[in-house]
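K.L.:
The structure that follows is given in the form of structure tokens.
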Amino acid sequence: MVTMDKIVSLCKRRGFILQSSEIYGGLGSFYDYGHYGVLLKNNIKNLWWRDYVLNRRDIFGLDSSLILHPDVWKASGHLSSFTDPLVECKKCRRRFRADDLEDENRKNNICPSCSGALTGEKRFNLMFKTFIGPVEDSTSVVYLRPETAQGIFVNFKNFLSTYGMKVPFGIAQIGKAFRNEITPGNFIFRTREFEQMEIEYFVKPQTDEIWHKKWIRERFDWYLKYSINVKNLRLREHTPDELSHYSKGTTDIEYRFPWGWGELEGIANRTDFDLKAHQKYSGKDLTYFDEEKKKSYHPFVIEPSAGADRSVLAFLIDSFTEDEKRIYLKLHPLIAPVKAAVFPLVSNKKELVEYARDIYRMLQNVFIVHFDDRGNIGKRYYSQDEIGTPFCITVDYDTLQKDSVTVRNRDTTRQDRVKKENLVSFLTEKIYS
Ligand code: ATP
């Protein structure tokens, strides 16, 4: 059974994810991604980008700034409504999100930590505030974006005029978002700085519900395509009182984390709320002109909004496998940080090392590969397994005679003998098919 302790310790041991500013005692709920963590997260983001931007003609990409004009947040409703209910314990001073408390604690105002009395609920705005320029007064206040979506809405008209987009179409963005969460936790599940992968998909008003369903199915299947176990995924529709101020309907894709089900992605029907609101506040026309009907309207918006960090966590948990002999990450080869590792059987035989380096150089042009000649083969397998490397290639004495190497499969530990000249096609087939 995989526990969060096992995941956190593997992440530290193998340098996937590290506590931020650790030498200063760490900074609550901020994390750094080490080498394998960056590779893993980049693979997730790149596959998402490839599947939705590069491989489709109806979605274009954007990378908007982190700090937007402060009026954006007035229009979007974030200044007034992006709040969580905050309570504080009068005795131990700990703070909690009231809606996270057990019913009994919330009803009777009892601190879950020390049983002291809790204060009444206050609305706490989750946006991080900062200032532009040298004067810190109310006219220079700006906010770090709490979602990437608004950068898309304020560029809506540019995309229409520059790329001639025709409804239905989408704009996609991957980028950082910041939320001053009251109770961050569960490792990288809830942090104050995180990355989102968002699409705003603009559709004709009466077709919104059909598109909403399509996107829910599409995004659910995406996780399965990259080998998340279907038993660990489920859909959950928001109840009316849970819905965000802009949403007509939201369905979450939830993952079964070790502590229970948690949101991986939200797919919201944002209606025409945002475009209308930005039109009102900016005074700019944000309608779409339908050439066929000769009519202007505000498109409705379907928003699949996924967390890149929560995806990293889900992929790590889902792939974590432990048996009597070893721990390995059974990651889909396209998600795995490193695709293959090359070893000389022993490090003190010059011909073997040179041959292995040759193989490494050949593969390096095509895949992300590692070279390792430290310790013994068993130890090298052990560390590649924990990183999730699907193939380990060993150059041995037979190689020198027959120009062939052994390729060990991470999941079965089976070894195949493959000719050097066939190695690239052998791996390509296994990784991409
Ligand atoms: P939650 O209910 O867990 O706070 P949310 O409904 O506020 O999440 P959305 O606003 O729908 O989240 O954001 C879209 C996605 O961004 C989420 O599904 C999640 O994957 C990611 N996300 C949101 N907040 C955080 C956070 N604090 N840390 C890491 N990822 C986050």
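Positions of Cβ are set from backbone N, Cα and C atoms, glycine also.
Automatic, uncurated: that is what TrEMBL annotation is.
According to TrEMBL, the domain 'Aminoacyl-transfer RNA synthetases class-II family profile' annotation covers 5-333. The annotation substrate binding site is assigned in TrEMBL to ARG97, GLU147, PHE194, GLU195, GLN196, MET197, GLU198, GLU303, PRO304, SER305, ALA306, GLY307. The ATP binding site annotation in TrEMBL covers 179-181, 189-194, 263-264, 307-310.
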K.L.:
Express the distance between the Cα positions of PRO304 (substrate binding site) and GLU181 (ATP binding site) as a whole number of Å.
P.N.:
21
K.L.:
Could you give the mean pLDDT over the domain 'Aminoacyl-transfer RNA synthetases class-II family profile' (5-333), rounded to a whole number?
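P.N.:
Mean pLDDT, the domain 'Aminoacyl-transfer RNA synthetases class-II family profile' (5-333): 96.
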K.L.:
Going by C-alpha positions, which of the binding-site residues (ARG179, GLU181, ARG190, ARG192, ARG310) is nearest ARG97 (substrate binding site)?
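P.N.:
Minimum Cα distance from ARG97 (substrate binding site) across ARG179, GLU181, ARG190, ARG192, ARG310 lands on GLU181.
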K.L.:
Where ARG310 (ATP binding site) and PHE194 (substrate binding site) are concerned, what is their Cα separation in Å, rounded?
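P.N.:
Cα-Cα distance, ARG310 (ATP binding site) to PHE194 (substrate binding site): 9 Å.
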K.L.:
Counting Cβ atoms within 10 Å of each candidate's own Cβ, which of the binding-site residues ARG190, ARG192, ARG310 comes out highest?
P.N.:
ARG310
K.L.:
Among the binding-site residues listed here, ALA306, ALA308, which has the most company in the form of other Cβ atoms within 10 Å of its Cβ?
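P.N.:
Buried the deepest by this measure is ALA306.
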K.L.:
Using Cβ atoms only, which residues of the same chain lie under 8 Å from GLU181 (ATP binding site) while being at least 6 residues apart in sequence?
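P.N.:
Looking at Cβ-Cβ distances below 8 Å from GLU181 (ATP binding site), excluding near sequence neighbours, one finds SER29, ASP84, LEU126, ARG190, THR191, ARG192.
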K.L.:
Quick check for you: of the binding-site residues PHE194, GLU198, ALA306, which have their Cα within 10 Å of the Cα of LEU264 (ATP binding site)?
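P.N.:
Those near LEU264 (ATP binding site) - Cα within 10 Å - are ALA306, in sequence order.
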K.L.:
Going by Cα-Cα distance, which of the binding-site residues (PHE194, GLN196, GLU198, ALA306) sits nearest to ARG179 (ATP binding site)?
P.N.:
PHE194
K.L.:
Anything from the binding-site residues ARG190, GLN196, GLU198, PRO304 with its Cβ under 6 A from ligand 1? List those in sequence order.
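P.N.:
Result: ARG190, GLN196.
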